[in-house]
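Engineer: Please find one structure pasted underneath; my questions will follow.
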Amino acid sequence: MLRTKTPRPRGGKSRRATAAAGKEREREREREREGRSPSGELSLQLEHVSLFSFLADAPREGAAAARTPFTPFEELLEGSCDPDPTPPPPLPPLQPQATPMDADEVVEEKDSGILSQDFFCTPDYITPDAPQLGSGFDANKENIPCPNSPEKSVCRSKRYKRDCSPKGLGSNDIFDSQWIAPVQFEGLDDSEEEQLKESSSHKRGSYVSQSAVALRCRVMPPPCIRNPYLNTDHQIDDNVFGGRQCKSSGFSPSVDGDGLSRYRTDFHEIEQIGRGNFSVVFKVLKRIDGCLYAVKRSIRQLHNDRERRQAVKEVQALAALGCHENIVGYFTSWFENKQLFIQMELCDRCLSMDRNQPLKCGEALELLYQICKGLDFIHERGIAHLDVKPDNIYVRNGVYKLGDFGCATLIDRSLAIEDGDSRYMPPEMLNDKYEHLDKVDIFSLGAAIYELIRGTQLPDSGPQFTSLREGKIALLPGCPMQFQSLIKSMMDPDPVRRPSAKEVLRHPIFDKLHKAPAKK
């Protein structure tokens, strides 16, 4: 084909056309440098841009000026143009041929008209990463393979319940790590507590089975305390006690899960009914059974081991003795805030309240008989009270009961001995002679009855105090001589000559008092 040169237009319009054509050529060069082919975009450009408008103005402007050589793109356009000066009709828009295409090609053809997120450097959240359906998907349900039945496993696995999962954890967090409830390290030594905390902190990031948690973080129970008032050592294995000392960590505070104390939870405090040097007694109502009890609480906190052992002695003695009609009943005890609480039988009053009112001889005989039965009961079990006095003798429904076993010890002197009230102590106790501890209780009971009959408090020192230890006892007004001689024998300075509790019960003075009615 012969190439015809188009005359270059003159004037302002020709310069503007030349400038527009130059800009077009610059854009074509940039596309070529960027790797774009002009032939690929030719069909789209011809739909919107017509170059014949530039060629139509050329004959009306005059002779053509000297022009630059043709570019390959211009040569292509010149070759495709017809030499006829009449412009051809505009080309119709190109229609894509209906050729069979795959599904992937259809998707690419549709996406060609949509601006890609990659062009704007933004992530695509709409298009899925993986195909939703496999290429071999078949709508026929008969071709779907049936999965195999699960194999039976011998070991059982624990299933987690949704309602049991702790708040704040997702559904997948249960399988990543086991939630462990906070553990209270009560009953543990300081070294054991630190050891458990370190081991739990190392294992917190990994899964811990429930059995391992129970074994590792289990709160150790308090130690078993050997009761020295019981002769059952041959029936209990020594490994139960383990030789562990009675430490503060051994007595875990009796506090519920919600932080309430056992005393406030189980009992309603009514009033205070007694107070001593070491403890205070309250009249309480137990909430669960509606019965009245007496709760004895230590006044100050028991910090060291010696104080705790001394406080526990009363509990151990009461528990070892068991039930007797002339001994104050014992129910239970516990430690709370380093204080000892003892739940006991509630009595009407103690004899110290009647100290200002002299006791009649008949009442004194009944008192002597009943308390001697209680002393005989504890002496047969090898226990001495060592603190018999009116403050520790109680009355309930006309029955006299002996209480407060805080100074109780063993008659064989295998335990430490602590003196009671010095006003009722015999001379051998003041001289540290402990060969006849059971006779100490006999002297104290005689001195207590002597005080109650006279209606005056015994001295703790002075000439009268010495005279009583020497056996010089004044006459008791309104009492028979047989009764006065019995009281004098009970307060004999020599413990060997004093009668035992069993011998006092056999005294003839009680024959008339407790004589059985004759059978008809």
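Placement of Cβ uses the backbone N, Cα and C atoms for every residue, glycine included.
Heads up, here are the entries from Swiss-Prot:
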COMPBIAS  1-16  compositional bias 'Basic residues'
REGION    1-43  region 'Disordered'
COMPBIAS  22-36  compositional bias 'Basic and acidic residues'
REGION    61-103  region 'Disordered'
COMPBIAS  84-95  compositional bias 'Pro residues'
DOMAIN    267-510  domain 'Protein kinase'
BINDING   Ile273, Gly274, Arg275, Gly276, Asn277, Phe278, Ser279, Val280, Val281, Lys296  ATP binding site
ACT_SITE  Asp387  active site, proton acceptor
BINDING   Asn392, Asp404  Mg(2+) binding site
Engineer: Within 10 Å of Asp387 (active site, proton acceptor) (Cα to Cα), which of the binding-site residues Ile273, Asn277, Ser279, Asp404 do you find?
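Structural biologist: Asp404, listed in sequence order.
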Engineer: Have a look around Asn277 (ATP binding site) and count the other CB atoms within 10 A of its CB, chains all included.
Structural biologist: 6
Engineer: Using a 10 Å radius around each Cβ and all protein chains in view, which of these recorded positions has the most neighbours: Ile273, Val281, Asp387?
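Structural biologist: Its Cβ has the most other Cβ atoms within 10 Å: Asp387.
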Engineer: Which of the listed binding-site residues (Arg275, Asp404) has the least company, meaning the fewest other Cβ atoms within 10 Å of its Cβ?
Structural biologist: Arg275
Engineer: What does DSSP assign Asn277 (ATP binding site), in three states?
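Structural biologist: The residue in question, Asn277 (ATP binding site), is coil (DSSP, three-state).
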Engineer: Tell me, what is the mean pLDDT of the domain 'Protein kinase' (267-510)?
Structural biologist: 92
Engineer: For the binding-site residues Ser279, Asn392, which Cβ has the most other Cβ atoms within 10 Å, all shown protein chains included?
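Structural biologist: Answer returned by the neighbour count: Asn392.
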Engineer: Where the record says Ile273, Gly274, Arg275, Gly276, Asn277, Phe278, Ser279, Val280, Val281, Lys296 bind ATP, what is the longest distance in Å from one Cα to another among those residues?
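Structural biologist: Result: 15 Å between the two most distant Cα atoms.
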Engineer: Just the number: how many Å between the Cα atoms of Asn392 (Mg(2+) binding site) and Arg275 (ATP binding site)?
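Structural biologist: Checking the Cα atoms of Asn392 (Mg(2+) binding site) and Arg275 (ATP binding site) gives a distance of 12 Å.
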